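Annotated features, as they stand in TrEMBL:
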DOMAIN    55-182  domain 'PARG helical'
DOMAIN    205-431  domain 'PARG catalytic Macro'
ACT_SITE  235  active site
BINDING   238, 252, 293  substrate binding site
ACT_SITE  253  active site
ACT_SITE  254  active site
């Protein structure tokens, strides 16, 4: 992928307003044999810089921020050369960490400096990445072009967040690292380039699981990204990383990507996820505060990220993108789709890099790792208790995705427990099911149930829903079964 840039680092300094910015971008695109941007983009650029922000902010952008972004974009080739030269020294565990397309069904890592990420985002703002071929390769749309077309109130607020990011890095470029990991649970017969002993679990793996449940705490208020304890934060993702962040989308994933814009860089090289894949991003810094959600979303000023850095220079923020079924309706109760959703969460929640491959192989000689449920069980149990980082999640796959919030909450809890996470924080965002979830979970923990027992009941619940025998919600259906098996009354369980 070739990006033509100005012949000098001062090439952007003559750009003093919306029309000259539009003309300059088109001149550079012409050098790259890219089509001219539509007049709607000019209208959007003019609207944003002439009407939606103050004259002082617009002047600062054209006099300070844009020249810095231009210089940063000009330096992209040099930053890439440094990146490729240094990437082999980033990690001793996995050799291939350089920037490349992380192909589907191939687990892998990409490490990048925050400065390189900023250069990539500067080029995306200037619409300099070719879009041709990306759809065929199942790569996300990666250009700011649509953000400036027909600017809606939500797009305006997203642009405020992104412009704030560029202003911040202009003032003080961060010098940490960010890693992007494609996580895969290989299917039977697959041979990924990076060996993994963890295969995609079957239904029998879950039904036979003897893993105990981790503690769960339900919060009726608060946001996932504001949790006070180290935890893997769940991105309610689209199968295409970032979803509609560079378009009209403005729900959980899109909001997270604009308050932490470095996440956007993964859209350049991460093809769409399959059902046995997840994407984990470590080290993305947060730059913006916000209020609201969807139509009420609003940029609320600067955010100073005070999280410490790990030994590799990454902020100690871990975000995992897992995509749920979209509008599954009653099909979500089919065993195959219950398995799909549980495995998707498990893939995201399992710390793949904490599975010590060579040690496990020496302990389980003669076994076929990718085909052995026994090996999988031992692999997870051997590695899973090494992490002290829990899960921070919420109504994944619900809301706009249309999933059963009660079933999805228990599936996530099972996946987190099976992955060996020490706790799960669940944010309900004000939904009414939170209190019942905590009561049912507390009862299960008190009775020392294992994952396999709850799995069996979820499968039975789904079967009855499909047969039309049961019209109650999962929690109300589950309570009499818990009381019947353990001698408790419904009042005892409901508190």
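Don't overthink the numbers, they just go from 1 along the chain as shown.
Keep in mind that glycine also has a Cβ here, set from the backbone N, Cα and C atoms.
The Cβ neighbour count for residue 252 (substrate binding site), using a 10 Å radius over every protein chain in view, is 24. Note: the CA-CA distance between residue 235 (active site) and residue 253 (active site) rounds to 6 Å. Looking only at the domain 'PARG catalytic Macro' (205-431), the predicted model's pLDDT averages out at 87. Comparing the active-site residues 235, 253, 254 by how many other C-beta atoms lie within 10 angstroms of each C-beta, the top residue is 235. Of all the binding-site residues given, namely 238, 293, the one with the smallest number of surrounding CB atoms inside 10 A is 293. Take 238, 252, 293, the residues named in the record as contacts for substrate: the widest Cα to Cα gap among them comes to 17 Å.
Put simply, residue 254 (active site) is 10 Å from residue 238 (substrate binding site) when counted between their Cα atoms. For the recorded site, residue 293 (substrate binding site), the DSSP three-state label reads coil. When the domain 'PARG helical' (55-182) is classified with DSSP, helix, strand and coil residues number 69 helix, 12 strand, 47 coil.
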